[in-house]
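Dumping what TrEMBL says about this protein:
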type	residues	note
ACT_SITE	Asp58	active site, proton acceptor
BINDING	58-59, Lys63, 132-133, Arg143, His160, Asp162, 173-178, Gln233	NAD(+) binding site
Amino acid sequence: MRVNICYNDGKRDGKDVAEKVSRSLSRRNIENTITGIDEYKELHISSDWDYLLSVGGDGTFLKIARCAVRNNIPIAGINLGRLGFLNEIGIEDLEDCLDRLQKKDFSIIKRSVLNIETFCDEKKIDTNIAINDAVLSREIIARVMKLSLYINGQKVETYHGDGIIISTPSGSTAYSLSAGGPIVSPELDAIVITPLCPHSLHARTIICTPEDEIKVVFDPLRMKESILTVDGQTVKRLKQNSYTVITRNKEPLKIMRFGETNFYNVVKEKLLK
C-alpha cells in the first residue's frame, strides 16, 4: 500500500498534521510520502499511488481531488478548515481511520465530476474538470453580460446578469447555494445550473440529467472577454467568439469513507448553525 499525504504548503498547521500522519503510517509499515502543494498552481501527482490523503480545508481538498480524478486514485480528507464539507475525517478520529486504512476497512463512494471544454472560433482550446462547479462570469465588474444557455442543442434561455454557475450535487452547497440555488443530495446524479444575479423575475435554477450536454455562449457584442473559474481556483480568460460545453466527466471522484455519514446532518451542522 502506497499513500501520498498532500497539504497546503502555505499553512504551517497542515504540514505539522501531514508529518504526524506520515509517522503514524510508517509505524503501520505503510509506504508514504508528503507533498506540499502550491494553492496558486495546479497539482500534478503520479498515478503510482494507491491512495491520496488531503490535509487542510475544502479548498485544499478540491485541488487534490481534481488530481485524484485524473489518476483514478481514491481520496480522503482530513479537516483543518472552517467548514470541512468535503473532508470527513476529524483530527479526533485520525488514528482510528488510519487503522481502518491499514485493514482496508472502508467503503468507496463515487461523486459526479464535471468535464469542461472551452472553444474559440470553433476550435477546442482548453479542457478541465470540476469537483464543485464551473462559473462563467463577466470580466468588467460594472457591466451586465448577456449569455445564452443551450441544453442538448436546444436553446433554453438568454440571461442578462453577472454570469452562470454549473455545479455538481456536491457543489450545490457552495457558490450555487449562495446564488439562491437548491441543496442537492450528492447521492443524486445530476447537473445544477444556477444563473448568477440575473436581471429577471423568472430566471430560476435548472436541474439536468447527467447525460445532458450544456452549452453556454456569450454575446460578443456585449462583452469582449469573460472569465471561466473552476472550483473557485483555476481561472481562464475567454475571448470573443468563445463558448463552453459542460458534461458529466466519465470518471467520478472516489472518496474513502471510514464510517456512516448522513448528508442532512452535515448540512445541519455546517450550514444551519
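Any Cβ shown, glycine's included, is placed from N, Cα and C.
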Please compare the binding-site residues Lys63, His160 by how many other CB atoms fall within 10 Å of each one's CB, and tell me which has the fewest.
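Candidates: the binding-site residues Lys63, His160. Fewest Cβ atoms within 10 Å: His160.
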Out of His160, Thr173, Leu177, point to the one nearest Asp58 (active site, proton acceptor) in space (Cα versus Cα); all of them are binding-site residues in the record.
Thr173
Please work out the number of neighbouring Cβ atoms within 10 Å of the Cβ of Gln233 (NAD(+) binding site), leaving out its own Cβ.
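Neighbour count, Cβ to Cβ under the 10 Å cut-off: 17.
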Can you tell me how many other Cβ atoms are located within 10 Å of the Cβ belonging to Asp133 (NAD(+) binding site)?
25
Reduced to three states, what secondary structure does DSSP give Thr173 (NAD(+) binding site)?
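The residue in question, Thr173 (NAD(+) binding site), is helix (DSSP, three-state).
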Might you list, by sequence position, any residue in that chain lying six or more from Tyr175 (NAD(+) binding site) with a Cβ less than 8 Å away from its Cβ?
Asn132, Asp133, Val135, Ile165, Ser167, Gly232
Take the Cβ of Asp58 (active site, proton acceptor) and count every other Cβ within 10 Å, whichever protein chain it belongs to.
23
At 10 angstroms around each C-beta, which of the binding-site residues Thr173, Leu177 has the fewest other C-beta atoms nearby?
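Each of the binding-site residues Thr173, Leu177 was scored; lowest Cβ tally within 10 Å is Leu177.
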Name the secondary structure element type, per DSSP in three states, that contains Asp58 (active site, proton acceptor).
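In three-state terms, Asp58 (active site, proton acceptor) counts as helix.
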